[in-house]
């Protein structure tokens, strides 16, 4: 059974105790306009109500606890403790233009076992609740950060957790975080039912598909989910998403040295995408340099920059929209595929 988010529970609590509707509005305004975290500091509420709220929900609105904060150039990574003594990580990236982007986790661990990912190596501990996902953003909001964009690209597979859709509702609710759906991004390894639900319920949310190999057999070895949802079936689902939404789909491609960075791979990516451009030039490849991890199932060599450039040029010359993604936070294990791996390794020693 899906757990109701805290904002619904607070509203129901107020109604059950016969408080007027405007009290909920006062709480929302205190949190999202005044950046107030503790019920006792919402002084527009009667003291008696504050006492009842604390007894029912605890002292603070935020229900996850920051344990460790690490800083690197343009990047902050926070390790949070959630219920059950489990841990998750969130990354804040600050761009030189002033834009702030947040990479949040949707699961504690991940059971899909992609061979290049530290998070997948620890297995799935549990799905996060809607509150645990949105609280990662609330933490930064309460500290005065500008919430410019959010990616569900942290720990876990977002579309394997049904609570993600309630989190999207909370984040886009005009009375709560009030974010435009176009400032939100969902990354998936290819969970077809989840992609279809995004198409139907959140067509303006950005969608990223983790490809990492255009060859079906190799992709199955790197990403076992390909056995359940084969590449071409996923691509057909993405075609339908584009047809319905007229929105761009991003293709993430991690360059694994000596594994998937050859010109043959580049040519096959071109073949995979170019035939689909009849619906518009709406696939965009993001090339991601492999980030070394302490505990991924397979080890890979350092990225060959020449191969990255050659791969990029091959796609570009074929008319494919392509970008080489900038790297942030590698030194604090905050980059793609690194989250939680180093903490888990240290914990087990």
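Just so it is clear, glycine is given a Cβ too, placed from its N, Cα and C backbone atoms.
The active site, proton acceptor feature in Swiss-Prot is assigned to 89. Classification of residue 89 (active site, proton acceptor) by DSSP places it within a strand.
Positions annotated as domain 'Radical SAM core' by Swiss-Prot, on the basis of sequence analysis: 96-331.
According to Swiss-Prot, the disulfide bond annotation covers 103-336. Under the DSSP three-state reduction, residue 103 (disulfide bond) is assigned to strand.
Here Swiss-Prot flags 110, 114, 117 as [4Fe-4S] cluster binding site. Shown in sequence order, 117, 119, 120, 122, 123, 124, 155, 156, 157 are the residues of the chain, 6+ apart in sequence, with a C-beta less than 8 angstroms from the C-beta of residue 110 ([4Fe-4S] cluster binding site). Taken residue by residue with DSSP, residue 110 ([4Fe-4S] cluster binding site) is part of a strand.
Residues within less than 8 Å, Cβ to Cβ, of residue 212 (S-adenosyl-L-methionine binding site) and separated from it by at least 6 positions along the same chain comprise 114, 116, 219, 222, 223, 252, 253, 254, 256, 260. What Swiss-Prot lists as S-adenosyl-L-methionine binding site is 156, 157, 187, 210, 211, 212, 291, and the listing cites sequence analysis.
Swiss-Prot lists 336 with the feature active site, S-methylcysteine intermediate, giving sequence analysis as the kind of evidence.
Here the binding-site residues are 187, 210, 291, and the one with the most other Cβ atoms within 10 Å of its Cβ is 210. Comparing the Cα of residue 89 (active site, proton acceptor) with the Cα of every entry in 103, 210, 211, 291, these being the recorded positions, the smallest distance points to 103. Across the structure, residue 291 (S-adenosyl-L-methionine binding site) and residue 103 (disulfide bond) place their CA atoms 16 angstrom apart. Counting every protein chain shown, the number of other Cβ atoms lying within 10 Å of the Cβ of residue 89 (active site, proton acceptor) is 27.
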